[in-house]
Amino acid sequence: VSQLESAMESLIKVFHTYSSKEGDKYKLSKAELKSLLQGELNDFLSASKDPMVVEKIMSDLDENQDGEVDFQEFVVLVAALTVACNEFFIESMKN
């Protein structure tokens, strides 16, 4: 298994680990999203001083406004964070 295939598998497993806790097992509720962010992206969450960060992320991700985040909506968050991390990495390499 390549590194990229392994990363994709990890994304899928992480999503379903959290999405299967309550309600629709293929979507993240607000509580499941918060749990995922705290468990998997705690450094990112801690860096934000905004107490409404989870609500804002949920609102931004929930494109169809159903109050839940499906896998496709979740991957948008991961992609955006990855782009931001890459930009930071490139800047740090320049210095």
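For all residues, glycine too, the Cβ spot is worked out from N, Cα and C.
The structure displayed is predicted, hence computed values, not measured ones.
Residues or ranges marked as domain 'EF-hand 1' in Swiss-Prot (evidence: a curator's inference): 12-47. The Ca(2+) 1 binding site annotation in Swiss-Prot covers K27, E32, and the record cites similarity to another entry as its basis. The domain 'EF-hand 2' annotation in Swiss-Prot covers 49-84, and the record cites sequence analysis as its basis. What Swiss-Prot records for D62, N64, D66, E68, E73 is Ca(2+) 2 binding site.
Secondary structure at K27 (Ca(2+) 1 binding site), taken from DSSP and collapsed to helix, strand or coil, is strand. You'll find the Cα of D62 (Ca(2+) 2 binding site) roughly 13 Å from the Cα of E32 (Ca(2+) 1 binding site). With the fewest other Cβ atoms inside 10 Å of its Cβ, the least crowded of the binding-site residues D66, E68, E73 in this structure is D66. Taking the centroid of the Cβ atoms of D62, N64, D66, E68, E73 as the Ca(2+) 2 site, the other same-chain residues with Cβ within 8 Å of it are K27, L61, E63, Q65, G67, V69, D70. Nearest neighbour of E32 (Ca(2+) 1 binding site) by Cα distance, taken over the binding-site residues N64, D66, E68: E68. Broken down by DSSP into helix, strand and coil, the domain 'EF-hand 2' (49-84) contains 23 helix, 2 strand, 11 coil. Over the domain 'EF-hand 1' (12-47), the average per-residue pLDDT in this prediction is 92. A straight line from the CA of E73 (Ca(2+) 2 binding site) to the CA of K27 (Ca(2+) 1 binding site) spans 9 Å. Spacing of E68 (Ca(2+) 2 binding site) relative to K27 (Ca(2+) 1 binding site) is 6 Å (Cα to Cα, whole number). Rounded to a whole number, the distance between the Cα atoms of K27 (Ca(2+) 1 binding site) and D66 (Ca(2+) 2 binding site) is 10 Å.
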